[in-house]
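Q: Before we start, here is the structure in question, set down as structure tokens.
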Amino acid sequence: MSSSMAAVVSSLRALPLPVLVPLVASALAFVVTVLRRVLRRQRPVYLLNYSCHLPDAERQCNLEVCEYFGLRSGRYTDETADFMRLIFRKSGLGQETFAPPFIFSGKFEKTQAFAIQEAEEGLFTVVSQLLAKSDVHPRDVSVLVVACSMFSPKPSLASMIVRRFKMKDDVKSYSLAGMGCSAGTVGIDMAARALRVQRRPGYALVVVTENTSLNWYFGNNKHMLVTNCIFRVGSAAALITDVPARRADAKYELLRTLRTHHGADDAAYNAAVQMEDEDGMVGVALTKDLVRVAGAGLRQHIATLAPYVLPVSELLRYVYRVAWAYSGGNPKAAAALVPDFQRAFEHMCIHSGGKAVIDTVAKLMGFGPSVVEPARATLHRFGNTSSSLVFYELAYFEAKRRVRAGDRLWMLAFGTGFKACSNVWRALRDAAPDADNPWNGCAHRYPAALPVPTPRRANYQPQQQHEQQPPPPPQQQQQQ
């Protein structure tokens with residue numbers, strides 16, 4: 001025993017018993033707490049890579065294509081056509097989004113065959129690209145999560161992928177349906193949990209898509225026509241792993257996930273519902289309560305998330321502002337206050353399900369145009385691709401070369417039910433666009449090509465002029 005240790009022991013022996021007992025008990029409690037945290041510490045989960053589907057140019061769907069399809073189908077009244085034309089112009093979608101195969105078939109009928117074709121084109125493409133560039137064999141995948149809200153064939157979409165890529169027999173496969181636009185972030189959360197309960201580290205493949213072939217609405221209910229105007233084709237695949245040796249190859253580390261469900265409230269539950277109209281036509285009705293519900297759900301969600309992600313200084317600042325508002329006799333102003341989440345994250349992939357949703361999130365959170373730029377750009381270039389939206393936004397950040405090692409990134413998505421889900425990531429290295437990045441060749445046009453927020457009486461001519469302007473010269477592209 002060293003002299004210093006002997007001195008400590010002798011000092012402890014000199015202490016009276018009433019002082020020594022609590023001191024030893026506190027020390028033992030501290031050691032037990034540390035040991036429990038070390039033993040229960042979860043294995044880190046990394047985003048090895050991801051891919052987003054970019055359909056062929058022949059599938060591009062502009063306003064002219066939509067008008068032609070509606071006219072030739074003979075299913076819509078003139079009033080309905082005018083309504084869809086107005087919604088399209090106000091939606092924030094550009095002229096280069098992509099539509100499902102049946103739109104261009106000339107048959108104007110929804111069939112199972114077209115839905116299968118749409119699913120296979122998106123899912124098989126992104127999975128092939130992802131596995132190839134990640135250097136992972138399909139039989140190395142131990143967990144498979146496939147999400148599609150509106151299309152659930154038999155055999156399942158997960159079974160289609162297992163069959164196509166000849167995955168191993170004991171792969172744990174899950175097919176998620178009815179989760180809405182939140183399925184991408186929910187799928188990441190589910191896959192990470194599945195990996196952590198396995199004995200051995202492995203790989204989890206998360207594949208998300210939406211299918212509009214069987215869900216195109218041919219009726220005249222205005223609440224159900226909106227989906228025709230904003231939903232478009234898109235798919236994404238993400239490969240996450242808890243294999244320690246792959247940390248050097250990974251792009252991001254998953255820090256936290258959070259899911260909140262607000263379906264106990266009737267208005268939230270009925271904000272977006274698949275139903276039949278008065279003529280028996282099936283579609284998804286987006287009610288006027290959707291935007292309000294999204295705002296209320298977001299408030300509850302960030303109230304739960306804030307203590308885990310915000311720095312202590314911002315939490316104290318927020319508490320001070322709320323207390324000051326209450327002391328001034330203004331409870332409404334206090335309730336409207338939210339913390340500054342820009343102090344917690346360098347990048348935010350905000351759910352871009354529609355222009356009104358983006359505007360609501362920006363207003364509630366106090367985000368400026370630069371924060372919601374990726375959401376508006378994704379909506380304009382690809383439309384509402386549902387659960388894959390957040391991955392297209394992540395690809396936008398990488399195409400712009402904005403992600404640096406150590407940056408924190410927030411994925412936030414909403415879904416039917418009504419639910420909200422967050423994924424919090426930390427960049428492990430500077431990110432550059434991959435060869436299959438869907439923004440390659442068009443990122444330089446943004447945010448210049450984005451339409452301005454639409455007033456009640458909108459003049460759409462400036463938007464058309466923006467969309468028709470040629471790409472900037474090379475020097476300007478380099479500056480962007």
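Note that Cβ sites are derived from N, Cα and C of the backbone, with glycine treated the same way.
All TrEMBL annotations are machine predictions without curation.
Pulled these features from TrEMBL for this protein:
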type	residues	note
ACT_SITE	C181	active site
ACT_SITE	H261	active site
ACT_SITE	H347	active site
ACT_SITE	H351	active site
ACT_SITE	H380	active site
ACT_SITE	N384	active site
COMPBIAS	469-480	compositional bias 'Pro residues'
DOMAIN	39-321	domain 'FAE'
DOMAIN	346-426	domain 'Beta-ketoacyl-[acyl-carrier-protein] synthase III C-terminal'
REGION	446-480	region 'Disordered'
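In terms of burial and nearby residues, how do these features look in this structure?
A: The Cβ of C181 (active site) lies under 8 Å from the Cβ of S149, H351, G353, N384, S386, S387, L389, A413, F414, G415, T416, each on the same chain and at least six residues away in sequence.
Around the Cβ of H261 (active site), 17 further Cβ atoms fall within 10 Å across all displayed protein chains.
Taking the Cβ of H347 (active site) as centre and 10 Å as the limit, one finds 22 other Cβ atoms among all the protein chains shown.
When Cβ atoms from all protein chains are considered, those within 10 Å of N384 (active site) total 26, not counting its own.
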Q: Between H261 (active site) and H347 (active site), what is the CA-CA distance rounded to a whole number of Å?
A: 24
Q: Counting across all protein chains present, how many other Cβ atoms fall within 10 Å of the Cβ of H351 (active site)?
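A: I count 27 other Cβ atoms within 10 Å of it.
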Q: Helix, strand, coil: count each for the residues of the domain 'Beta-ketoacyl-[acyl-carrier-protein] synthase III C-terminal' (346-426), based on DSSP.
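A: Helix, strand, coil within the domain 'Beta-ketoacyl-[acyl-carrier-protein] synthase III C-terminal' (346-426): 39 helix, 21 strand, 21 coil.
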Q: Using C-alpha atoms only, work out the spacing between H347 (active site) and H380 (active site) and round it to an integer in Å.
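A: Checking the Cα atoms of H347 (active site) and H380 (active site) gives a distance of 19 Å.
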